[in-house]
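To start, the structure itself, in C-alpha cells.
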Amino acid sequence: MRDRTHELRQGDDSSDDEDKERVALVVHPGTARLGSPDDEFFQKVRTIRQTIVKLENKVRELEKQQVTILATPLPEESMKQDLQNLRDEIKQLGRDIRAQLKAIEPQKEEADENYNSVNTRMRKTQHGVLSQQFVELINKCNLMQSEYREKNVERIRRQLKITNAGMVSDKELEQMLDSGQSEVFVSNILKDTQVTRQALNEISARHSEIQQLERSIRELHEIFTFLATEVEMQGEMINRIEKNILSSADYVERGQEHVKVALENQKKARKKKVFIAICLSITVLILVVIIVISTLV
C-alpha cells in the first residue's frame, strides 16, 4: 500500500492543485515554461496542430478539385492524376498524424500511477482534443468523398437515360459498379442499347473514377478506425475536457476580476492609512501647541 501521509499533511493544498489544473488546461503550447519534458511535449503538440492544418487545407483543395471534375464531361488524365495525388497526400498526412498522436498518448501504466497529477491530466487533455479534431476531419473527408461517389453514379445514371439505356435498374447499376472491371461494366451497358461513343467514354471514365475513389475511402478509413474507436470510448472524457476548458476560462476571468477588486481595495486601504496618519499628525501638532501655550502662560 502506498504511503499517503504526505498527501494527508498537504490536504489544505488540494484546492491549489485543482486551481493549477484549471490553469494548465488553458495554457497554449509554446507559452509554458515547465522544464525540458514539457517543452518537448508541447513541441510535439505544435507539430501535430500544424500537420492537422495541412490536412485541413488538402481536404479543402480536394473538395474544389472534385467539383471541377464533376463539372467536366470528359476530364483529362492529368486532372484525374492530380486528384489521385491529392488523395495520396491526404492518406500520408493521416498516417503521419496517427503516428504523432500515438507518440504523445499517455501510457496506461503512467496514467494510472499519476492519475491525480495535473501534468498527466493536461497531457491526456491535449491528446484527447487533438484526436477528436483529427477524427472529425477524417470523417468530413470520408463523407465528402462518399457524396462525390454518389454524384458520379448519378452522372452515369443520367447518361444511361439519355442514351436509351434507362432499363438498367439501380440494383443492376450497383452490381455493375461493384464488378471492379471497366470492361465488364461497359460490355453490360452495350447489350441491347445504342450508346454514343462520347457517352460511353464518359460512363467508363466515371466508373474508373468511382473505383479509385472507393479504394481511397477504404484506405483512409483503415488509417483512423482504431483512433475513432478510442475517441468514441473517450467521448465522455472529451465532454469533460470541453467543460474543464470552459470552466478554466471562466475561472481565469473571475480571477482577473478578483485581482482587480483586490487592487482597488488595496488602493483604498492605502488612502485610509494616509488619511489616518494625517489626522494623527494634526492631532499631535494641536496637542503640542496647546502644551507650549500652557507652558508660556
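Including glycine, each Cβ sits where the backbone N, Cα and C put it.
Annotation comment: Swiss-Prot describes 1-21 as region 'Disordered'. The phosphoserine annotation in Swiss-Prot covers SER14, SER15, SER36, SER117, SER208, SER248. According to Swiss-Prot, the phosphothreonine annotation covers THR31. As annotated by Swiss-Prot, coiled coil applies to 43-163, with the evidence given as sequence analysis. Annotation comment: Swiss-Prot describes 200-262 as domain 't-SNARE coiled-coil homology'.
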Integer mean pLDDT for the domain 't-SNARE coiled-coil homology' (200-262): 63
Distance, SER208 (phosphoserine) to SER117 (phosphoserine) (CA atoms, angstrom): 54
Assigned element (helix, strand, coil) containing SER117 (phosphoserine), judged by DSSP: coil
